[in-house]
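**Q** If you scroll down you'll find the structure; I have some questions about it.
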Amino acid sequence: MASRKDPYEYPGNTREKVKQKHAELETNKKEMKALLDAKKDHIKEPILDMKATEISAKVKDGSLKAEDALVTFVDRCFHYIDRNFIADFILEAFQDVAKLTDEKKASPIYAVPISLKECIGVKGHDTTFGLLKHSFCPAKEDAVIVKVLRSVGAIPFMTTSMAQGGLDLDCSNPLFGLQRNAHFEGYLGGGSSGGEGIALGLKASILGVGTDIGGSIRFPAAFNGVCSLKPTVRRLSMRGVLDPFLTHCLQLQITIGPLGRFVEDLVNFMKATLCPLLFQLDPLVIPLPFNNDLYEGSHKLKIGYFTCFKQTKDNAMVIPVPAVQRAVQESADKLKNLGYDVVEFEVPTPEYAYSLYARAIFNDAGYALIEMMKNEPFNQDYMQIKQLIGQPSFVKSKCSFVAEWMFGPQVETGVKATAGSKSGKSAGELLKAIHDYVHVFLDAMGDIDLLLSPIYSVPVARKDVLDVINKSMIPYAAMYNLLEMPAGVLPVTKTTQDDLDKAQALAKKFHEAKDKVNAKVFETQDKLGLPVSVQVAAKPYREELVLRVMKALET
């Protein structure tokens, strides 16, 4: 049975295999600690507050050594070893530092230590996707993005933990341990690139790489108060990245992108990696170098914004709390004062869009998820999902009515989607529906260049809120995966007492209206000082515009 300290149950001999994996990871940490102890004189704590760009510049001019940056961030990792964001240290990082050559100095991320989500292949290291079945199978070669990073002088130095199976806002994991938010007890670190978000929030990394199919780069950034960018599919390479979603998702694809503490560092990551070697190693990547004219251009941009999906009888999405709506409104006002053309925007049929996303995720009715988790340690949240997915379609349909009765329509959409596509014909109809909706959405944008919106309905998800409620708040992020639009997030404010007072007053009104989900979400808003982020999105392959507006909001 699972215990309070270890919430997992272990089928068969999986407990022993997990212990073997823990022993392997502990050996890795001891080896890195030995390397660190021999280089303590290289620790320079001021590095922790520098931009990646500044670190690179100081190494180039000789005021810092490349090894100083690496040692300083490794040391920081050991200060927070109990946060369980580390999957594996890349011991070869010290060899990479020693091999740095002058010809790579043109790179804006030269000598910058980089952390990588654990599903990104690094030669000689496991790529488990948080799963025991993929343990003890080290990658035979680096993923393309890792090859490119090394070619431009960046130093991959650790892989970071991720959600088990890749579909969770909590990256706690039987392989890597229970996770905690970088700043606040009782709050989630986000997922599925949670290790990245926590590491950056703790200043244990300066620049990282994650993956995203429904917010997995953006939630960890928002929850830990850092920045991130989800590029358009195929702007960067997924080759060599473990991607189980290929077997069961329709249309949706994982995309890979950077997380950092400063927008400028995201910009320089994209400038450095959108290079000829990337296009050579992966011909499926769109051969589109970074467009500096778009990023630094002076042409006036038109920005649409919405603080909330329009609430109608047919659209009962979780409403963003006052702090989130204030963050978007203040950001819109700031952009208007900076000279941008800012207008309100109404998302076409958002509940329908989310139903398309959920149906695309569960196109196979959850079969691949069950197979993926077979003979894996599991917790209670997964057990509930497994029990639902294992039911016949007509039972799932009845479960969706029960979910609506128990929680409200916000949860019903996701439950209903688990029925999957019943035939090749219905899968084709779903594909056409997605295609049609994308065009409806882009037509609604018209001459609008970018959209400003919430990323999630609350600033940071709480651990004590039911998993089904936390997951019902993802549509603001998942929408841009459905649309294949690039989207970035950055923190712009923190929760205030006024935000909390307004949330509590509204919670009472939701209770009176018997709106269970919104009542629960709003009444849990009681924490001062949480980071509140906004999301910026653009039409496909306009990442440079996203970064331009993010930079304007950051400064």
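All positions are counted from 1 along the displayed chain.
The backbone N, Cα and C atoms fix where each Cβ goes, and this holds for glycine too.
Got these off TrEMBL a minute ago, pasting:
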- Lys117: active site, charge relay system (ACT_SITE)
- Ser192: active site, charge relay system (ACT_SITE)
- Ser216: active site, acyl-ester intermediate (ACT_SITE)
- 72-547: domain 'Amidase' (DOMAIN)
- 1-24: region 'Disordered' (REGION)
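Are these features on the surface or tucked inside, and what touches them?
**A** Packing around Lys117 (active site, charge relay system) is summarised by its Cβ count: 31 other Cβ atoms lie within 10 angstroms of its Cβ, all protein chains included.
For Ser192 (active site, charge relay system), the count of additional Cβ atoms within 10 Å of its Cβ stands at 34 [all protein chains shown].
A simple way to gauge crowding: the CB of Ser216 (active site, acyl-ester intermediate) has 34 other CB atoms within 10 angstroms, across all the protein chains here.
Per-residue pLDDT, averaged over the domain 'Amidase' (72-547), rounds to 94.
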